[in-house]
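To keep things clear, I will list the structure first and then write my remarks on it.
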Amino acid sequence: MKIILADDHNVLRKGLIMILEKAFPSAEIEEVSEGTDLIKKVMKQKWDIIISDISMPGLSGIDAIKQIKDISPHIPILVLSTHAPEQYALRAIRAGASGYLTKESAPEELLTAINTLLRGKKYITPEVAEILAEAYGDDFEKAPHEQLSDREFQVLQLIIKGKTISEISEALSLSVNTISTYKARILSKMHVHNNAELIKYAIDNNLM
């Protein structure tokens, strides 16, 4: 079995590898720290499962999932994120992920999720199931932040963390002008006028 782990936190990767090596002694496990490197690995080799973070330098986890599904539609992807499910789970599942867990999940749940995906099934926690039910219900009306594109939502997350336009530009490897355009779209779509109002919205909607 071949497993690839994508996360930009070295200590976390090493801890996960220890868990995986104990659970799957014969598995071949490789690690990358950026979305672009993950794509390169997927293009070169076949993998049985991918375990990926959402927030990585350069290419985001969501964008990486979409590209992977174009390259290898049947490969299962488990998202393991610091973000609460209500922030990114729906976007990850829509992009093509087969499961979503937070990094606070117990090792036992991680292994259960991996084994579920390896059997060709999706791993949906009760919390994520509720989010999906609300999103696809007949009476569902999109919240303002759900109307953002994946890239706009990624920029929003960085803005509410206090990052400047220049810092976001560097983090996402995009120009300052591009980030400024994204910010303008975010403010317009969310019907707010400044960062303070964005942060208030984020707090009220559990996005921080």
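Note that the numbers count up from 1, one per residue, in the order the chain is shown.
Cβ coordinates are placed from backbone N, Cα and C, and glycine is handled just like the others.
Look at TrEMBL and you will find 2-118 tagged as domain 'Response regulatory'. The domain 'HTH luxR-type' annotation in TrEMBL covers 141-206. Here TrEMBL flags D53 as 4-aspartylphosphate.
Under a cutoff of 8 A between CB atoms, and with a sequence separation of 6+ in the same chain, the neighbours of the residue listed as '4-aspartylphosphate' are A6, D7, D8, H9, G61, V79, L80, S81, T82. Helix, strand and coil content of the domain 'HTH luxR-type' (141-206), in residues and according to DSSP, is 47 helix, 0 strand, 19 coil. In the three-state DSSP scheme, D53 (4-aspartylphosphate) is classed as coil.
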